[in-house]
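Here is what TrEMBL records for this protein:
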DOMAIN    17-132  domain 'Acyl-coenzyme A oxidase N-terminal'
DOMAIN    134-235  domain 'Acyl-CoA oxidase/dehydrogenase middle'
BINDING   THR138, GLY177  FAD binding site
DOMAIN    278-439  domain 'Acyl-CoA oxidase C-alpha1'
ACT_SITE  GLU424  active site, proton acceptor
DOMAIN    479-656  domain 'Acyl-CoA oxidase C-terminal'
Amino acid sequence: MEGDDNLAHERNKAEFDVNEMKIVWAGSRQAFEVSNRMSRLVASDPVFDKSNRAVMTRKELFKNTLRKSAHAWKLINELCLSDEESTIFKYFMDQPGFLDLHWRMFVPAIKGQGTEEQKQKWLPLANKMQIIGCYAQTELGHGSNVQGLETTATFNPQTDQFILHSPTQTSSKWWPGGLGKVSTHAVVYARLITNGKDHGVHGFIVQLRNLDDHSPLPGITIGDIGVKFGNGAYNSMDNGFLMFDKFCIPRDQMLMRLSKVTREGKYVPSDVPRQLMYGTMVSVRQTIVSNASVAMARAVCIATRYSAVRRQFGSQNGGVETQVIDYKTQQNRLFPLLASAYAFRFVGEWLKWLYTDVTQRLEASDFATLPEAHACTAGLKSMTTSATSDGIEECRKLCGGHGYLWCSGLPELFAVYVPACTYEGDNVVLQLQVARFLMKTVAQLSSGNAPAGTTAYMGRAKHLLQCRSSIQKAEDWLNPAMVLEAFEARALRMAVSCANNLKKFENQEQGFSELLADLVEAGIAHCQLIVVSKFIAKLERDIKGKGVKNQLKNLCYIYALHLIHKHLGDFLSTNTITPEQASLANNQLRSLYSQLRPNAVALVDAFDYTDHYLGSVLGRYDGNVYPKLFEEALKDPLNDSVVPDGYHEYIRPFIKQDLRSARL
Ligand SMILES: CCCCCCCC/C=C\CCCCCCCCCC(=O)SCCNC(=O)CCNC(=O)[C@H](O)C(C)(C)COP(=O)(O)OP(=O)(O)OC[C@H]1O[C@@H](n2cnc3c(N)ncnc32)[C@H](O)[C@@H]1OP(=O)(O)O
Ligand SMILES: Cc1cc2nc3c(=O)[nH]c(=O)nc-3n(C[C@H](O)[C@H](O)[C@H](O)COP(=O)(O)OP(=O)(O)OC[C@H]3O[C@@H](n4cnc5c(N)ncnc54)[C@H](O)[C@@H]3O)c2cc1C
């Protein structure tokens with residue numbers, strides 16, 4: 001059977017309304033319409049071609065990214081795209097570049113931390129891209145430890161200026177995207193010093209380059225930090241370094257919405273939590289969770305379509321071979337990833353709601369939910385990006401040898417995606433923030449304060465610490481209350497166990513250091529509970545379309561039960577479930593895989609990705625894999641000539657045994 005017949009046959013088997021599922025995936029009919037229109041607008045424009053990124057030199061790749069960015073900006077203006085449309089348009093461009101940092105970090109940092117006057121001055125320039133900005137926080141010596149940054153901003157009352165200085169090599173800014181070659185400005189984080197006193201890290205708007213000829217301003221040393229992981233991939237981004245040599249900026253370029261420095265040099269501390277200075281990171285972490293679902297879905301779409309096209313073994317007497325998607329091992333690796341894509345989508349929707357809610361509360365000076373918002377954004381960013389990076393690599397393996405080809409789309413996707421485990425906060429460091437939050441919540445349980453939000457379940461500690469799961473048969477694992485209770489009991493017991501172990505240490509910080517590995521596991525268990533509970537909550541909503549809810553139910557329970565299987569040690573060692581109940585979960589999981597199987601291709605079609613966005617020969621909508629693999633191979637520059645360059649110097653001497661003449 002040809003690839004296209006395979007996929008047509010698969011699509012005919014679907015038991016649900018794919019068009020309605022597309023709307024559930026997009027979040028609303030309007031969101032679907034925008035996403036569909038923007039992805040096709042990008043795909044139809046030859047400037048956004050991505051087919052030869054792997055064979056471009058770094059300089060070519062970078063210049064091509066500039067060209068694409070300029071073209072995108074022109075189209076956004078000509079077509080008068082809304083903010084929502086242009087964000088999605090840039091996303092489907094699928095080319096990491098300075099635009100990401102300008103719009104996602106530089107502009108939000110000014111919006112969140114600038115005064116009204118500062119916003120009025122800087123935002124119109126940034127919104128029209130008359131200045132281009134980046135977010136310069138990380139240094140050569142410190143990334144995770146923001147309080148350990150070394151760059152100084154010393155107030156000089158004589159000139160009413162701050163003097164920015166990099167006192168050591170390790171204080172050089174290192175990593176900011178867009179800094180190396182493009183940005184004219186940056187929001188720079190530096191230690192504020194007034195009257196010889198260090199007030200800790202604060203943000204400043206700093207011009208870096210001359211607006212006439214783009215040369216660095218005197219006192220500024222700047223450049224790109226060099227080639228990063230993978231061909232093409234994130235190398236389109238100019239991550240940069242930056243050093244200040246007593247570089248002066250006016251006082252009104254300190255971002256002063258939170259704390260201030262007066263004309264006399266008096267420091268006026270913020271009367272709101274100083275952590276609001278970290279607001280830009282919280283906002284980006286929230287969007288990274290939604291991006292995780294997109295990246296996971298992309299890899300899963302490629303692996304699912306290819307698994308339906310690919311056949312190996314199983315033919316008797318020359319008949320057709322088995323589609324590899326029919327092997328239970330393939331399903332056991334692939335279907336939980338498909339379920340994870342949907343799970344991350346829905347938790348991303350919820351996190352967006354939580355972020356909007358906390359932002360509104362902060363505007364009304366209500367800071368009560370800030371720790372919860374920080375823990376959720378940090379923990380879910382960590383959990384979903386780790387799972388997605390691993391998932392992309394698993395999808396590559398699911399595609400066998402051809403998955404290793406660049407044109408499968410998976411190597412580049414992995415290389416672009418994997419730094420998400422590090423940027424915007426290292427995943428272990430962020431998960432430890434969740435653990436701290438959990439330890440505080442557990443410590444307060446005896447005080448009578450009922451925990452709220454995502455830790456509300458801890459308020460039922462008495463029950464959850466001693467309950468035994470009442471699962472008796474495999475179908476019981478489709479009962480939402482029973483599944484939730486298992487996840488809640490496991491998460492609470494792991495957190496309480498850490499808290500009890502902490503008590504054994506006289507010095508709590510030392511205890512925390514000793515128990516770091518267990519604390520991370522407790523944080524992950526809590527985050528997995530959030531994802532499962534938000535998926536279950538989604539099923540309780542009104543979901544339209546023939547068979548759509550049924551498919552989502554299957555995906556939800558596959559997500560939950562595969563986690564039980566994967567983290568069985570946690571569930572058994574906390575006595576949350578028995579080995580027999582674990583075995584019933586496995587039986588149910590197998591049954592769910594069989595139910596999902598006829599719908600697998602339609603479930604990835606529901607992502608509505610264009611072939612342009614997928615960028616994968618293996619994941620093509622028409623399944624026409626083999627002829628296109630040949631086409632791609634023949635395009636490789638090595639195939640430009642039949643006899644390769646270097647033959648006469650380095651191959652012929654071997655064959656003719658005249659190695660003395662080889663030019664070694
Ligand atoms: C095939 C091609 C495909 C192409 C695809 C292209 C598409 C591209 C799409 C998407 C791309 C995404 C683009 C995104 C680009 C991202 C670029 C990355 C940018 C960066 O990385 S910027 C730098 C980020 N840096 C960090 O994240 C640093 C991490 N460190 C910290 O955040 C903190 O320092 C900390 C969390 C580790 C805290 O450390 P600590 O020393 O404890 O902190 P303190 O300052 O003392 O604070 C203690 C106290 O505050 C609480 N707290 C900490 N942070 C926050 C916060 N943000 N909000 C609220 N509260 C906070 C902390 O819990 C403590 O509370 P407690 O005292 O315990 O109650
Ligand atoms: C592609 C990319 C783009 C980036 N873009 C930007 C940008 O635009 N702007 C910007 O300012 N920065 C940017 N960064 C920097 C990024 O934010 C930092 O790299 C990140 O915050 C991690 O910090 P680090 O590099 O100091 O890691 P480190 O903290 O040095 O981590 C090294 C190891 O130590 C472990 N570790 C560290 N602290 C602890 C702890 N307390 N407990 C347990 N383990 C610990 C970590 O888990 C990790 O395994 C970017 C980075 C990358 C890779």
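Residue numbering: from 1, along the chain as shown.
Glycine residues also receive a Cβ, built from the backbone N, Cα and C atoms like all the rest.
Structural mapping of features recorded in TrEMBL.
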residue : record                       : contacts (Cβ under 8 Å, 6+ apart)
THR138  : FAD binding site             : LYS173, TRP174, TRP175, PRO176
GLY177  : FAD binding site             : PRO96, PHE98, ASP100, LEU101, CYS134, TYR135, MET237, ASP238, ASN239, GLY240
GLU424  : active site, proton acceptor : MET281, VAL284, ARG285, ILE288, LYS381
> Taking the domain 'Acyl-CoA oxidase C-alpha1' (278-439) as reference, which of 17-132, 134-235, 479-656 has the most Cβ pairs under 8 angstroms?
Replying inline: 479-656
> Taking every residue in the domain 'Acyl-CoA oxidase C-alpha1' (278-439), what is their average pLDDT?
Replying inline: 96
> Should GLY177 (FAD binding site) be counted as helix, strand, or coil on the basis of DSSP?
Replying inline: coil
